[in-house]
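Taking it in order: structure first as structure tokens, then the write-up.
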Amino acid sequence: MGRSAFGSRTRMTAFVDLAARLAAEPADAALKDVVLTIAETCAQISRVVASGALSGSLGAAGSTNVQDEEQKKLDVITNDMLSDALKACGPVAGLASEELEEVEPTGRVGGYLVTFDPLDGSSNIDVNVSVGTIFSVLPAPAGHAPTEGDFLQPGRNQVAAGYAVYGPQTMLVVTLSGGVNGFTLSADGRWLLTHPDLAIKPDTAEFAINMSNQRHWAPAVRRYIDGCLQGKDGARGKNFNMRWVASMVADVHRIMMRGGVFMYPWDAREPDKPGKLRLMYEANPMSLLAERAGGKSIEGLNEILDINPAKLHQRVPVVLGSANEVEVIRAEMRAG
């Protein structure tokens, strides 16, 4: 063992790598191949993100995506990286990206379908704030090439889900067979298990929400946040802290590490839209991770994982995190 620049001993050999950890999972070998392909691509994306302006990859791409949002150059680059890798992965029958209007069959039948947000929080990339990649894996139909309808499965059908967060460290958080595990990308490009069996604390005094939208919220959301802001002098009897990064990956990762609730509710700015976040690319995979880590995830009254999708780019409101606090919010929603 050597010493780092700070004098502490390095013990990289003490950590289990992703391939070895997946080998211990009871999941299908083909599914493990899909997860490894995504993980390897996320490691490559991490290097591209880290190079920033040095590679000329910052700034706008001069185009919009299917959501009519301005694309960053890295949105396009990372989407192409994941799309190319998954098309070359044998068990993948089809893929769908937040950045693309239609699903992309690979020409194969059976195996798995993958949905992904290639660079969540990309509006932060030019100011060097954490961004990430979110992915979901679903079973593919056995008898035909997949169509859009085959992707429209409830979140409980997911066979794997995860995200990579590109921050001070690059981490991969993933679930396959039941538990949730966190891996850190080493300097030599290996995913090493540093956070086994992640669990979200059931109680919290921390919430994540965009307070600038307060005047547009439904009464139940305003009541809940007002109660938090009253602190120990109010009915809740304790002080709360607020955190908001405007990158779902970063905000949810903090909750996975230390508890809290993430809220992106419906608001009156666009009353005909049920929410901002995409069910298939963001809400479903994050909800599976949250539930398997002991947390909860609801759209207001009901569990997000029970939603039957109506369309590929469907949006939903999201309340996710510490189980007991999510129930407090659900009770406010029931009160109207």
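Going from the start of the chain as shown, residues are counted 1 onward.
Including glycine, each Cβ sits where the backbone N, Cα and C put it.
According to Swiss-Prot, the features are:
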type	residues	note
BINDING	E98, D117, L119	Mg(2+) 1 binding site
BINDING	D117, D120, E282	Mg(2+) 2 binding site
BINDING	D120, G121, S122, S123, N210, K276	substrate binding site
Sparsest-packed among the binding-site residues, when each Cβ's other Cβ atoms within 10 Å are tallied, from E98, D120: E98
Per DSSP, three-state class assigned to E282 (Mg(2+) 2 binding site): helix
Length of the line joining the Cα atoms of D120 (Mg(2+) 2 binding site) and E98 (Mg(2+) 1 binding site), in Å: 10
Cβ-Cβ neighbours of S122 (substrate binding site) (radius 10 Å): 22
Inter-residue C-alpha distance, L119 (Mg(2+) 1 binding site) and E282 (Mg(2+) 2 binding site) (nearest angstrom): 11
For D117 (Mg(2+) 1 binding site), the three-state class that DSSP assigns: strand
Additional residues surrounding Mg(2+) 2, by Cβ distance to the D117, D120, E282 centre under 8 Å: E98, F116, G121, G132, T133, I134, Y163, M248, V249, L277, R278, Y281
